[in-house]
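Colleague: The structure under discussion is supplied below as structure tokens; questions concerning it will follow.
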């Protein structure tokens, strides 16, 4: 059956080194739409209806390429070769030690100095979906192996954004891919998420050390502020998280690495909800404590606790934690991930 999703493309500007950036808008028959950039595979807009039928943009972003190049936060982008933190910017694989760029305290974060979020991806339109490809050369950011990555974005009639990832390599290498979209179901410029209600199906989470690295313990959420297995209003919980910084933790999902609904966020004032499915073992739930004050799309003000991220991925620092699900991809193997974000009405 042919897709009814319409794809339109426009010039979005150019990078500081003169590379053209193109936006692709996927629109379903109701008019709801998502806009994707070939720069970093960035999710630039998600326009979905509220309870009154009015479309609103529920993801953070910028109007200019320059802002994506210069402003922090990895807003909306694909993350790789390895998402999240690697302790000390170092790992050993098959007897060889690799040193990475340090860009987050003592750690290497989200792929290093120039991660996948800063690359121009090749794009083709295929059956109403957008297929992005990038080949990461051997030793790019000092990771071993040439890694060939494909990411497919689809947007369905029921307002579900699906991201399908695959990757192969010619040498053993760690791989952990995700998307770093920031969501606010009230609208990207409304400034706070305290009226969002979150349910996250995870009976365990990963405690962190002083460098934001998992200690290796897999701790039950029961009896802690990290228990989101029943609906929790963020305004009632953010100040109580022991770090004082809200959530920036990996939750160990109860999906047995099979595609399942793992998170739901309800926003009664707008009437919107977000339902996330993934086959990844972990979900980094981040409530934007570290997001600097900045100006986003249409002059909107962004800053601390103005949005949340639901980054489906393997556990942080897995390459240094053999007890965690492995992130090592070897020649002849295929990395795959499917994660979807469905926007509906309460």
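Glycine too: its Cβ is placed from the backbone N, Cα and C atoms.
The following feature annotations were taken from TrEMBL:
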type	residues	note
ACT_SITE	180	active site, proton donor
ACT_SITE	311	active site, proton acceptor
BINDING	84, 85, 180, 181, 182, 248	beta-D-galactose binding site
Colleague: Any idea of the Cα spread of the beta-D-galactose site, 84, 85, 180, 181, 182, 248, as a max distance in Å?
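Modeller: Greatest Cα separation within the listed binding residues comes to 18 Å.
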Colleague: Can you count the other CB atoms that lie within 10 A of the CB of the residue listed as 'active site, proton acceptor'?
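Modeller: The residue listed as 'active site, proton acceptor': 23 neighbouring Cβ atoms within 10 Å.
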Colleague: If you count Cβ atoms within 10 Å of the Cβ of residue 248 (beta-D-galactose binding site), leaving out that atom itself, what do you get?
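Modeller: Around the Cβ of residue 248 (beta-D-galactose binding site), 17 other Cβ atoms lie within 10 Å.
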Colleague: Identify, among the recorded positions 84, 180, 181, the residue whose Cβ has the fewest other Cβ atoms within 10 Å in this structure.
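Modeller: Minimum Cβ neighbour count within 10 Å, taken over the recorded positions 84, 180, 181, occurs at 180.
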Colleague: Once near-sequence residues are set aside, which residues in the chain of residue 85 (beta-D-galactose binding site), 6 or more away, have Cβ atoms under 8 Å from its Cβ?
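Modeller: Those within reach of residue 85 (beta-D-galactose binding site), by Cβ under 8 Å and sequence separation of 6 or more, are 104, 107, 108, 109, 211, 212, 213, 316, 317.
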Colleague: Taking the Cα atoms as reference points, how far is residue 182 (beta-D-galactose binding site) from residue 311 (active site, proton acceptor) in Å?
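Modeller: Answer for this pair: 9 Å between alpha carbons.
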Colleague: How far is it from residue 248 (beta-D-galactose binding site) to the residue listed as 'active site, proton donor', counting Cα to Cα, in Å?
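Modeller: Just about 13 Å between their Cα atoms.
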Colleague: What's the CA to CA span in angstrom from residue 181 (beta-D-galactose binding site) over to the residue listed as 'active site, proton acceptor'?
Modeller: 8
